[in-house]
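Trainee: Quick one: the structure is below, questions incoming.
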Amino acid sequence: MSNEKKLRRAEALSGEIAIPGDKSISHRAVMFGALANGETVIENFLAGADCLSTIACFRQMGVEIDQEGTKVKVSGKGINALREPEGILDVGNSGTTTRLMLGILAGRPFHACIVGDESIAKRPMTRVTDPLREMGAAIDGRQNGNYTPISIRGGKLSGLEYVSPVASAQVKSAILLAGLQANNEKTKVTEPHKSRDHTERMLRAFGIEVKEEGLSAELIGGQSLQAASIQVPGDISSAAFFLVAGAIVPSSTITLKNVGINPTRIGIIEVLRQMGADLTIEERGSHAHEPAADLTISTSELKGTVISGELIPRLIDEIPVIALLATQAEGDTVIKDASELKVKETNRIDTVVQELKKLGADIEPTDDGMIIRGKQTLRNSASVSSHGDHRIGMMLAVAALITEGDVSLSDHEAINVSYPQFFDHLNQLAD
Ligand code: S3P
């Protein structure tokens, strides 16, 4: 394939880097700022392609948003000021933009049409369009509203008590954002396991009362958002690539500054500890209800483990790089209950197994996860592909650090979706 990037090996990694802003939190800060009254100021915003898609969509609905690098000002005039977009809303590669925006649009009295890239066109949307229809929105799209292009005309919404078949923060958030528009009615979402709770935490920072109890989150519609000041912590899902790199590259010690450690996101930290990694955490306090810390990791002797159940939603985006980690652990690592991997930016069971095998890993797909047998020296020269998936691309760049052969990566631009500075940071630690 065209435009291959030659990946590097590393003898050792050292130094520290500041991890860029959290993607989930950056999306929400822009969206909630757009719905609020007043000026929302966002610091350490993630200026990656996905979050820029969110900004572009809300600008098309008349919201004034000023973005310079990692600083964003959103001039909100309240949810009723959103207006019908003249053109099509292009969400690019972003599932979070698509699903959360559908929740907002569900109660807006106008028409909007959403499209995205090839990957978005394969991602299932009835998980949000079905409950949003039940609340009163008119939605259509390919295969009865399961795939983009999707068109939506918001309606007068009723509250909903919804028991979700999947643990998904995007589903939960879409329903809560629609529920906010169901005046004086209760909306409650219950999940099989707890998914990330950034929406619940940030809604509170914008003055909304949200109740969280066990596996449920609920609110009463008709409350209005007041502008807030949001300091976005670093994205633990981006830090994950360097946590794994620090653990598997010989003679390494690296520090990752200002990483979000929300309990619903730290599955990777728990797994690293379970596998025996040499990791220390220095807490740095909280902003807008989101705690952060500096993480220091050193080369570690690792052992295999089992990853399943309630842990899965707390590390779902880290599974590709955890699979790589497991190739360097003694014994078997079994990842199960993770069939959600099949509906991410790519089918990540297939893409992880296919690409790691090219480098010589002993890895086998299962119906709901994978089995990795370690410890295995990665030694093959190979041309690997991100398949257009940012997290597969970054995982492979970390794998190349310890691979004895020459490795080149195609479709590496996908990494801009969540971590435009990734290769700069990698070079900084490897030099
Ligand atoms: C996200 C939720 C997760 C995650 C995605 C971001 C969010 O998806 O994989 O990268 O910001 O709410 P699901 O809600 O589909 O599990």
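Including glycine, each Cβ sits where the backbone N, Cα and C put it.
According to TrEMBL:
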DOMAIN    10-426  domain 'Enolpyruvate transferase'
BINDING   Lys23, Ser24, Arg28, Ser168, Gln170, Asp317, Lys344  3-phosphoshikimate binding site
BINDING   Lys23, Gly95, Arg123, Gln170, Arg348, Arg391  phosphoenolpyruvate binding site
ACT_SITE  Asp317  active site, proton acceptor
Trainee: Which value in Å gives the longest Cα to Cα span across the phosphoenolpyruvate site residues Lys23, Gly95, Arg123, Gln170, Arg348, Arg391 as recorded?
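Mentor: The widest Cα-Cα gap among those binding residues is 19 Å.
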Trainee: Roughly how many Å separate the Cα of Ser24 (3-phosphoshikimate binding site) from that of Arg123 (phosphoenolpyruvate binding site), to the nearest whole number?
Mentor: 18
Trainee: Under a three-state reading of DSSP, tell me whether Gln170 (3-phosphoshikimate binding site) is helix, strand or coil.
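Mentor: The three-state answer is helix.
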Trainee: Relative to the Cβ of Arg348 (phosphoenolpyruvate binding site), which residues of the same chain, six or more apart in sequence, are found under 8 Å away?
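Mentor: Expected: Ile319, Pro320, Leu341, Lys342, Asp389, Arg391, Ile392.
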Trainee: So what's the mean pLDDT when you look at the domain 'Enolpyruvate transferase' (10-426)?
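Mentor: Average per-residue pLDDT within the domain 'Enolpyruvate transferase' (10-426): 98.
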Trainee: Out of Arg28, Gln170, Asp317, which of these binding-site residues is nearest Gly95 (phosphoenolpyruvate binding site) by C-alpha distance?
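Mentor: Going through Arg28, Gln170, Asp317 one by one, the Cα closest to that of Gly95 (phosphoenolpyruvate binding site) is Gln170.
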Trainee: Cβ under 6 Å from ligand 1: which of the binding-site residues Ser168, Gln170, Arg348 qualify?
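Mentor: Going through Ser168, Gln170, Arg348 in sequence order, those close to ligand 1 turn out to be Ser168, Gln170.
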Trainee: Just to verify a number: CA distance, Arg28 (3-phosphoshikimate binding site) to Arg123 (phosphoenolpyruvate binding site), in angstrom, no decimals.
Mentor: 20
Trainee: Using all protein chains shown, find which of the binding-site residues Ser24, Ser168, Gln170 scores highest when you count other CB atoms within 10 A of its CB.
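Mentor: Per the Cβ count, the most surrounded site is Ser24.
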Trainee: So if I measure Cβ to Cβ from Arg123 (phosphoenolpyruvate binding site) and keep only same-chain residues at least 6 apart in sequence, which ones fall under 8 Å?
Mentor: Gly95, Thr98, Tyr147, Val343, Lys344
